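*Asks:* TrEMBL lists S353 with the feature active site, nucleophile. Here TrEMBL flags H131, H240, E542, Y582 as Zn(2+) binding site. According to TrEMBL, the feature domain 'Neutral/alkaline non-lysosomal ceramidase N-terminal' maps to 40-611. The domain 'Neutral/alkaline non-lysosomal ceramidase C-terminal' annotation in TrEMBL covers 613-777.
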Amino acid sequence: MEFLGIANSKDTGKYRGLWAKFVILILLCSSGGAVSGSEYLIGLGSYDITGPAADVNMMGYANTEQVAAGVHFRLRARTFIVAEPQGNRVAFVNLDACMASQLVKLKVVERLKARYGDLYTEKNVAISGIHTHAGPGGYLQYVVYIVTSLGFVRQSFDVLVDGIEKSITQAHENLAPGSIFVNKGEILDAGVNRSPSAYLNNPAAERSIYKYDVDKDMTLLKFVDDQWGPVGSFNWFATHGTSMSRSNSLISGDNKGAAARFMEDWFEENGAKSAYSHEFAADGIPRRVSNLLYDRHDNHHELLELAASFQSRPGKPATRTLSAARRVRGALRQADKPQFVSAFCQSNCGDVSPNVLGAFCTDTGLPCEFNHSTCGGKNELCYGRGPGYPDEFESTRIIGERQLKKAVDLFNKASEKLKGKVDYRHTYVDFSQLEVTLPKKGGGSEVVKTCPAAMGFGFAAGTTDGPGAFDFKQGDDKGNPFWRLVRNVLKKPGQEQVECQSPKPILLDTGEMKEPYDWAPSILPIQIIRVGQLVILSVPGEFTTMAGRRLRDAVKSVLTSGGNGENVHVVIAGLTNTYSQYITTFEEYQVQRYEGASTLYGPHTLSAYIQEFKKLATALTSGKSIAEGPQPPDLLDKQISLLTPVVMDGTPRGISFGDCSSDVPQNSTFKKGHDMVTVTFWSACPRNDLMTEGTFALVEILHGEDTWVPAYDDDDFCLRFKWSRPAKLSTRSQATIEWRIPQSATPGVYRIRHFGASKNFVGSIRHFTGSSSAFVVA
């Protein structure tokens, strides 16, 4: 390779991979795509989408007091692209976010068209949310979804659009010949039905078909690159992202985000060596650092003396790139090899809770009342308990680990290879007045209609995962006079709307509220993606268990009719492309628990979805196109934001940003698997710089006498970055970093660092860093 000017042996490996891909490209062009036995090109990508970690209301619980104030672990957009060498392609993006946003997808597609032409459009790109309730809000375009975030939050929106685009771009650039395998298995202990009284209203004959009142199946794809071997996995499993409670203030991917982080770490540590390794640490989290780092100091006294020579360093200026350069996973990854990407996607989770111990009253400790989930008539006291109760972080870890272990098992045993064409169908449907043809019991059919969006009184009651306030309760099909008066101030529904939505008592007539702009969506995207025998139904909401079963069965009946084969795997990708709340069965809707009260378009919403998805499936099997449908609005220019900007940051006289305000005690020794290290720094508002692909917090281990190596950062489950200010309008703030030392940590000398960015009175942003005194971990 000297003719390329690459004589240095260190560079040879780097360019060997590029040369191999160049050869593959030549073969592709000259052989009509017949490079190997693989019928697909596959590519995966991942990018940081962690939003503002301060001041912004979190999306999911609609709790005005739940405002971001730190990071539990980072959020990511993970993408797979599958392409026929000379044919169709599809891109599926999984977001560590509460849900997809119509406005986000519109802007992502605009950017993709500018970059790639018509290669990626709204038709073959799907963007899906995992439904974490611990991510920054303000990125949807409809009023009802951004009220608690004080309107639109441009920073939340931009980081999503940027991250999704970069994730798709990565996947596109990684496209190479490969194979995809599918596998399916049960997880019995990661979800329970939180509205069993509504589920029981479904026909007994239908319920008898199923063993459980929630779906227990996980369906997993394993991506294998012809050159590199396994490069990723995506799976779909239904359980809510509500292991973290409505009082949590740390940005978190909840149980699915945790499972994804655990599996990527598992593969980098074990899968790269042996795709059939099952090594986990004692705390259930995959080993990562323990056998990547080592220390030659065995004498405890020697370690203490070494630690004593590194006292807390004053805060000092830093560059923006320093945080990213010190990032743990960036440092560990091989630059010439695609990173392993693992996504834990959402499915029909509408009535599925990860709080598997059940719902109990906080005052008595007794189980909540069955039909309304109340305690002494009050819904505010009824809370679901996760398996780590009362520790929500532990519950998140456990539910994440349960999904992880099944995913690793399915990944290792996956043997059914996807074969066949890549295809897709997409259309927009106006669900506000859609005619739906239903069969009559005695024969024949009748035509019914959906309704403009509206939310019932049971919506305001919340769920056992996050109860509401005041005197609302689930299962309310009457409403009350006082709240009707309050409702009428905003918008009194007409008689036609009242009858259409019946038996839902309307609390908010959102579909007919248009000031200052639309409160709820009317036009929704529906989409089918097919890769061989796998079919993904992209739905813009949360289907309940039985609603999802009916939709899957209806689509499968179309796909397998006429001798098309029985071996079709149909999965629902929930909260995809936009958000329109819940979809229950007709029978569940009659009960008007939270999910039924949040089924926007009336009792026939599910039947409308089934009708329209069957049209898509018919077009898919027949090879025919389908009408694009009415275009959804782009409301970006109408958005209003009441969130105050960061004016400036400050510190006490004589203090620099990054200085320790509370250091570790001198000559400290901490026990791994047992102790927690806490350090507090003078800091600045995290909104000044999101530290995208970087970190606010870092744990470093000492190698030799003076070399500090990154060990853990704010993308690790064991490290928490907490930000606070003494008063809402104060310019001063502090960052507290907590490291719960895992059992797998390597004994040695450590220190904790903080990275941040301050804003001065003229608006200039200056980055800084500071470090704690060193300490010993034994």
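Placed from the backbone N, Cα and C atoms, the Cβ positions cover glycine too.
Remember, predicted model here, so these are calculated numbers, not experimental data.
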*Asks:* Distance between Y582 (Zn(2+) binding site) and S353 (active site, nucleophile) at the Cα atoms, whole Å?
*Replies:* 14
*Asks:* Can you tell me how many other Cβ atoms are located within 10 Å of the Cβ belonging to H240 (Zn(2+) binding site)?
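*Replies:* I count 29 other Cβ atoms within 10 Å of it.
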*Asks:* In Å, rounded, how far does the Cα of H240 (Zn(2+) binding site) sit from the Cα of the residue listed as 'active site, nucleophile'?
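*Replies:* Distance (Cα to Cα, whole Å): 5 Å.
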*Asks:* Expressed to the nearest Å, what is the distance separating E542 (Zn(2+) binding site) and S353 (active site, nucleophile) at their Cα atoms?
*Replies:* 13
*Asks:* How many Å lie between the Cα of the residue listed as 'active site, nucleophile' and the Cα of H131 (Zn(2+) binding site)?
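*Replies:* The residue listed as 'active site, nucleophile' to H131 (Zn(2+) binding site), Cα-Cα distance: 12 Å.
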*Asks:* Using the CB centroid of H131, H240, E542, Y582 as the Zn(2+) site centre, which other residues of the same chain sit with their CB within 8 A?
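*Replies:* My list of surrounding residues reads Q346, C349, G350, V352, G541, G574, L575.
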*Asks:* Provide the number of Cβ atoms within 10 Å of the Cβ of Y582 (Zn(2+) binding site), excluding the reference atom itself.
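*Replies:* Result for Y582 (Zn(2+) binding site): 24 neighbouring Cβ atoms inside 10 Å.
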*Asks:* Around the Cβ of H131 (Zn(2+) binding site), how many other Cβ atoms lie within 10 Å? Please give the count over every shown protein chain.
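*Replies:* If we count other Cβ atoms within 10 Å of H131 (Zn(2+) binding site), we arrive at 28.
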*Asks:* Could you tally the C-beta atoms, other than its own, that fall within 10 angstroms of the C-beta of E542 (Zn(2+) binding site)?
*Replies:* 29
*Asks:* Limited to the domain 'Neutral/alkaline non-lysosomal ceramidase N-terminal' (40-611), I'd like the whole-number average of pLDDT.
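*Replies:* Result for the domain 'Neutral/alkaline non-lysosomal ceramidase N-terminal' (40-611): average pLDDT 94.
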*Asks:* Using a 10 Å cut-off, grab the number of neighbouring Cβ atoms around the Cβ of S353 (active site, nucleophile), all chains included.
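*Replies:* Excluding its own Cβ, S353 (active site, nucleophile) sees 24 Cβ atoms within 10 Å.
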